Amino acid sequence: MVGKQLLLTYLYLLVYILLSSGVILYNKWVLSPKYFNFPYPITLTMIHMGFSGAVAFFLIRVMKVVSPVKMTFEIYATCVIPISAFFAASLWFGNTAYLHISVAFIQMLKALMPVATFLVAVVCGTDKLRCDVFLNMLLVSVGVVISSYGEIHFNVVGTLYQVTGIFAEALRLVLTQVLLQKKGLTLNPITSLYYIAPCSFVFLFVPWYLLEKPGMEISQNQFSFWIFFSNAVCALALNFSIFLVIGRTGAVTIRVAGVLKDWILIALSTVIFPESVITGLNIIGYAIALCGVVMYNYLKIREGRASQPTEGIPERVKVSLLYSVWYHQVDSVYSLFSCGC
């Protein structure tokens, strides 16, 4: 029985790694002018948000899989709307980066996520400036700088888009902690999609109308229903796979799987996209940054175990807590969030 459960856990991890890598590579293929040639990242993001919101509405209102939370106008206006705005911004800037820089280099830049989250948390007063964490962040930053220096096809515009998206995501994470957790609001993946996706869609409409709509009207770019539908389904499946993996494993396992997935994704991207070249400095810099990330993860896991004992807590709440604490280390372009009270 134990062996069967262990096998099922490994299967979930494998599905998560395949979906996570697949969605990122699929998005790059769709957006890249050299391949499918649909250079409209806001449009692609809006398709995902619209599809996710529609599926969540169907699951909640028609299938009654889960019940909607008690959402007041005050909570929606002061919590959901600002969080959705930063979420939309992080997707917009992050996906636009795929037009300018390689998947491998984007993954290396994403090592800055803990640095951005820590800095924003310190500024917002939700975390304290500590020497050990600061040294880890410095190590990550040095590694990313070395990796950037070794990038053959370094592009300033793409790098700025990616870094801006990272800081927008960091602001969203901190706002989630400050706003939603203060209200005692618990959102699972389905209710997160139900409330956040439509609002993010609305925020993305304005930049889409100003920046992409005029170009789409005169362009000859192809639009394939099945390409975009399968892409959206994969992204939605990834969101649920993350929740399943966290529900069956611990924080350490999901973070190790995330690191493994990053290396696999970097290697795969160089095979699928031959123009993506990795240099020795890229690898050295990313390895240094990864050491800092691993040490940071260890510190956060130790703090989490000390401050959030789970004895006597119902399993559903344990999963929600884990999903809230560890989500931002799960590297997915389109995964939404769940916040535990």
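Glycine is no exception: its Cβ is also placed from the backbone N, Cα and C atoms.
TrEMBL does not curate its annotations; it predicts them automatically.
Among the features that TrEMBL reports, domain 'Sugar phosphate transporter' is placed at 11-297.
Annotation comment: TrEMBL describes 7-26 (among others) as transmembrane segment.
What TrEMBL lists as transmembrane segment is 38-60 (among others). Within the chain carrying the transmembrane segment (38-60), a Cβ under 8 angstroms from the stretch's Cβ atoms is held by residues 27, 30-32, 66-68, 88, 91-92, 95-96, 98-99, 190-191, 193-194, 197-198, 200-201, 204-205, 207-208, 211-212, 215-216, 221-223, 228-229, 231-233, 235-236, 239, 334, 336, all 6 or more beyond its ends.
TrEMBL lists 72-93 (among others) with the feature transmembrane segment. Non-local neighbours of the transmembrane segment (72-93) in the same chain are 41-42, 45, 49, 161-162, 164-166, 168-169, 171-172, 175-176, 179-180, 183, 185, 195-196, 199-204, 207, 333-334, 336-337; each lies 6+ residues outside the stretch with a CB under 8 Å from one of its CB atoms.
Listed by sequence, the residues of this chain that lie at least six past the ends of the transmembrane segment (99-121) yet keep a Cβ under 8 A from its Cβ atoms are 24-25, 28, 31-33, 39, 41, 127, 133, 136-137, 140-141, 143-144, 147-148, 151, 153-155, 157-159, 161-163, 166-167, 169-171, 173-174, 177, 262, 265-266, 269-270, 273, 275-278, 282, 285-286, 289-290, 292-293, 296-297, 328-329, 331. Taken from TrEMBL, the feature transmembrane segment covers 99-121 (among others).
Taking Cβ pairs closer than 8 Å, the transmembrane segment (133-154) reaches residues 101-102, 105, 108-109, 111-112, 114-115, 118-119, 275, 277, 279-282, 284-293, 295-296, 299 in its own chain, all 6 or more past its ends. Annotated transmembrane segment per TrEMBL: 133-154 (among others), in sequence order.
For the transmembrane segment (160-180), the residues of the chain that approach it from at least six positions outside its boundaries are 78-79, 82-83, 86-87, 89-97, 100-101, 106, 109-110, 112-113, 116-117, 119-121, 124, 126, 187, 324, 327-328, 337, 339, judged by C-beta separation under 8 angstroms. What TrEMBL lists as transmembrane segment is 160-180 (among others).
Positions annotated as transmembrane segment by TrEMBL: 192-211 (among others).
Residues or ranges marked as transmembrane segment in TrEMBL: 223-245 (among others).
For 252-273 (among others), the entry in TrEMBL reads transmembrane segment.
Per TrEMBL, transmembrane segment is recorded for 279-299 (among others). Within the chain, the transmembrane segment (279-299) has long-range Cβ neighbours (under 8 A, six or more residues past its boundaries) at 104-105, 107-108, 111-112, 114, 118, 132-133, 136-152, 255, 259, 262, 266, 329.
Averaged over the domain 'Sugar phosphate transporter' (11-297), the predicted model has a pLDDT of 88.
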